[in-house]
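Chemist: What Swiss-Prot records for this protein is below:
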ACT_SITE  Cys51  active site, cysteine sulfenic acid (-SOH) intermediate
DOMAIN    6-164  domain 'Thioredoxin'
MOD_RES   Ala2  N-acetylalanine
MOD_RES   Ser112  phosphoserine
MOD_RES   Thr182  phosphothreonine
MOD_RES   Lys196  N6-acetyllysine
Amino acid sequence: MASGNAHIGKPAPDFTGTAVVDGAFKEIKLSDYRGKYVVLFFYPLDFTFVCPTEIIAFSDHAEDFRKLGCEVLGVSVDSQFTHLAWINTPRKEGGLGPLNIPLLADVTKSLSQNYGVLKNDEGIAYRGLFIIDAKGVLRQITVNDLPVGRSVDEALRLVQAFQYTDEHGEVCPAGWKPGSDTIKPNVDDSKEYFSKHN
C-alpha cells in the first residue's frame, strides 16, 4: 500500500476525473463539492463480489447522506466504460442497476496512489473510506483489506458525529449516535458526562 498524500486534519487531495453520474459520463472534481461533506470510498474492481454489496448499500442510503449535506462518491481503477457496463447489468446478475451516486474512474491509478490505498502488486485499490468536511479537510480514514466490506451505517454515524462536534464544540464518546450524550472537552465539565455514565 502506498503512503499517499491524504492526512487527517489537512486538506484532502483534490482530483478531477470522469465519473458515471445518472448513466452518463461527467467530469467531476473534489472542489465541486466544497461546502458539503463528502464520503469518498475506494473499492477494488467492478464485476466482483463484495464490491456491489457496498456500492448498492451506499447508493440506497444516498438520500440519508444528502439530508446531512453530504455526497457519496465511489472510486475504482476501472474505466468509466466498465462502470457503465456494470451499472447496466441487473442486480440479480451481479450488476449494480441504476445508482444514486457517482462512480469515478481511476484508470491511471493516480487517485488511489494519492489517497494511499493502491495495492501496488495488483494495481487495484484497497477498501479505503475518507470523510471530507465542508471545508475540504480530511476528517476520517479507514482502510479495509480486500475481503471485508464496510458499514454504511457507521459511515453515516461518523458524518453525523463530525458535524455535531463542528457545530457544538463538544466531543462524541464511543458509539455515539444523534441524540446521545456528548462530552464537554475540559477537565471540570467532562465530569458531568462521566458521573452520569459510570
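Heads up, the Cβ atoms here are built off N, Cα and C, so glycines get one too.
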Chemist: Fewest other C-beta atoms within 10 angstroms of its own C-beta: which of the modified residues Ser112, Thr182 fits that?
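Modeler: So among Ser112, Thr182, the modified residues given, the one with the fewest Cβ atoms within 10 Å is Thr182.
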Chemist: For the domain 'Thioredoxin' (6-164), report the average pLDDT of the model, please.
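Modeler: Mean model confidence (pLDDT) across the domain 'Thioredoxin' (6-164) is 97.
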Chemist: Could you check the recorded positions Cys51, Lys196 and say which one's CB has the fewest neighbouring CB atoms inside 10 Å?
Modeler: Lys196
Chemist: Rounded to a whole number, how many Å is the Cα of Cys51 (active site, cysteine sulfenic acid (-SOH) intermediate) away from the Cα of the residue listed as 'phosphoserine'?
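Modeler: Pair distance, Cα basis, whole Å: 16 Å.
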